[in-house]
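Annotated transmembrane segment per TrEMBL: A:15-38, A:45-62, A:68-90, A:102-122, A:142-164, A:193-215, A:227-254, A:261-282, in sequence order.
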Amino acid sequence: MGFGPHLLLASLEGLVTAAVLSLTALGLSLVFGVMRVVNVAHGEFFMLGAVLAWFFSTLVTGHPAVGFLLALVLSPLVVGLVALICERLVLRRLSYDPEATIVATIGMLYIIQQLALTFYGPEARPVLAPFNFRVALPWFGYSGYKLAVIAASIVLMGMTWFVLTRTRIGLVMRATQFDRETAQNFGIPVDRVYAIVFALGAMLAAVAAVLIVPIQQAHYLMGLDPLLLSFIVVIIGGLGSLRGTVLAAVLIGLSDGIISVFFSPTLAKMIATLLVALVLVFRPQGLFGTVAR
Amino acid sequence: MTENRNKTNILSRTLDRRTALKGLGATAAGLAVGPGFVRYAQAQSSEPIRIGFQAHRTGIGAAYGRWYERTTTAAAKLINDAGGINGRPLEIVTEDDGTDPKRGAEVVEKFANQHKVDVVFGTLFSHVVVGSAPTAGELKIPYYVVSEGYHVASGKLNRYVFQPGITDVKAQVSSMAPWVSSNLGKKVTMIFPDYAFGHDHRDFFTAAMQAQGGEVIQHVPIPPTESSFTRYLPQIPSETEVLYHVMVGPGVLTFVKELGEFYGGGGPKLFGFIDSLEAVDIASPGLEFLEGSHFWEGMPRYLQPDAPDYVKAYRDAVGIDDNGASKEDGKDVSTAAHMFGCWETLYVIKAAMESAGYQGPDDRAKLVEATEAMTEFAAGPEHPQGDKKFNGKIHQCFGHQNISQVADGRLNVVHTTSIEDGMYEPEADYTTQSL
């Protein structure tokens, strides 16, 4: 295969990674940005989204698209509900204390993973893609569904951006993020905002997971990779910055795709880690983050 | 019990009858409850033989573990129905190793020290075998693995590790290379997992193709944690005639699907190890392009027209239908190409224990020597996959391999190798190690 088509394939693969990663990382970034909670269980919400997608898609028969759409709607809702319960039962009782919430979310990670193992089992199970369309390029074929994932991610990111910057809910969130006490003094129900943000963060991870199951299958151990990559993205992009998260996700996704195609996947991971180190040394708040006050 | 009665008789001279009876009862109760004592006093011949089954219940080997467990349970039931081992019932004690080498070693230790099993048996994934073998050697507990890697036959493990129920990768690939080079093509690209099991394929298949006048023009190793594979496919040179693929773990279905998306109907001829599709339904959407391609199978997944009765009996006992899926759930596809190894290994343990006159853990050294003394296993109900030769020096068996072709969404055997095709010069001799 010539250099051009090779690069094209690497970029496409990188964009699929970036698409899913930006949604997942945005959830993590949002939770930290607004609540100052480092959610170590974020990868498990991702996994839960995938596992539930398998469950909902098997409930219906007929065209695979029906099951997939059902999963796309229901799976994030259920994950959001689980996150809401976790927030009410655990994080709130710890008063969102940074150290305590790290330990608590590690606990949540193990509990969710074990529950998935108990009720879903250790197998990797596929969810049928809503459509099987092979884009035949002159040099190689490419999955039409993967291209659709990139498009879906762009639409979802746009929607999130709209909610955060153009709606009252977004305004309230940003106010809470900017200064919790002042927001409370202005009558913003900070407590309720936190609950919604935590659920929303988990739902973003779940949506990303539903999009990826037809490509990768659902497995109870699948939460670890997205968690690590999300942290890398969030550190590079700047915590709580939508723009930074998207840019860093595209950067990491594309470099992962291209470097691992032309060199080795290990080198891609090394470079990502090196980037994190450089960002932490020269710009600790991330590329687009603001200095904490 | 005779001793007890005599004792009581002596005592009853000075005690009244009621106290004597009470004392007798208490002694009997004490004997029944006391750990360790009852075994030697009365149950020498009826105490079960305990086999520790190291199972991949969770982790990436779970699909294999599920079927290894079903096969083991079925074989143990048959052995017990036929009178057990040396007249003693067989008891399988199962522990999950999470398909993890560290936990594997812990499980072996637990079997030896806590469950007090006689031998350990059953594990598949090569990294777990390699991780657990030293512990088995230190504890001097025989460890019968049902793996595939060359680790046992290479001599790198120790005298307590055996692989008597399934052929190793070196024998598998060298027996099939002649068929591949004369039927599919001579320029091969290999895609394999980047750890011990995959490296065995890389080293031995490359050498075997060279011996046939063929050539492996490109190696594409894939890291074990990878869940998406398209990015590796451009590394396959366009002059490739045969694409040799062997992948394992949860990503297998994804791998084969992406291969199909990449090549569509075109591309090189495919020769896969069934590991790339083990426990996956060949009729899954997106796998249509596999039609006409070939796979290695240790034992055929689909019931072949010429299958002997003992193969049918084996399939019934394990609970798989003509398509190799669970009789209860047609979507639950078995790991037929590997799991027969559990069945056959249990029967090897039985034969070795009987020939050694095995009574308990003190006879473990005798059991090792009895296993090493074995040379042949005849095809039949105890060895449904076929006859095998066993080399006691390298603790490894050699058997037949099947090459199957996908036609109408099922696998039909088109070639079966002879045992001699896979024989190689042993590189080790475990019998020189002290017990």
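Cβ from N, Cα, C; glycine included.
Nobody curates TrEMBL annotations by hand; they come from automatic prediction.
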>> Before we move on, state whether the transmembrane segment (A:45-62) and the transmembrane segment (A:261-282) share at least 3 Cβ pairs under 8 Å, counting only pairs 6 or more apart in sequence.
In response: no
> Under a Cβ pair cut-off of under 8 Å, which of the recorded stretches A:68-90, A:102-122, A:142-164, A:193-215 contacts the transmembrane segment (A:15-38) most often?
Replying inline: A:193-215
> Which residues, given as numbers and ranges, are at least 6 beyond the ends of the transmembrane segment (A:227-254) yet have a Cβ under 8 Å from it?
Replying inline: 11, 14-19, 21-22, 24-30, 32-34, 40, 42-44, 46, 157, 160-161, 164, 177, 272-273, 275-276, 279-280, 285-290
>> Assess whether the transmembrane segment (A:142-164) lies in contact with the transmembrane segment (A:102-122), where contact requires at least three Cβ pairs under 8 Å among residues 6 or more apart in sequence.
In response: no
>> Should anything in the same chain at least six residues away from the transmembrane segment (A:261-282) have a Cβ under 8 Å from its Cβ atoms, list it; otherwise answer none.
In response: 6, 9-10, 13, 229, 232, 235-236, 251-252, 255
> Any residues 6+ beyond the ends of the transmembrane segment (A:193-215) with a Cβ under 8 Å from its own?
Replying inline: 16, 19-21, 23-24, 26-28, 30-31, 34-35, 37, 39, 42-43, 45-50, 52-54, 68, 71-72, 75-84, 86-88, 91-92, 96, 126-130, 143, 145-146, 149, 152-153, 156, 160, 169, 172-173, 176, 222, 226
> Near the transmembrane segment (A:68-90), which residues from the same chain, at least 6 beyond its ends, have a CB less than 8 A from one of its CBs?
Replying inline: 41, 45, 48-49, 52-54, 56-57, 59-60, 104, 107-108, 112, 127-130, 194-195, 198-203, 205-207, 209-211, 213-214
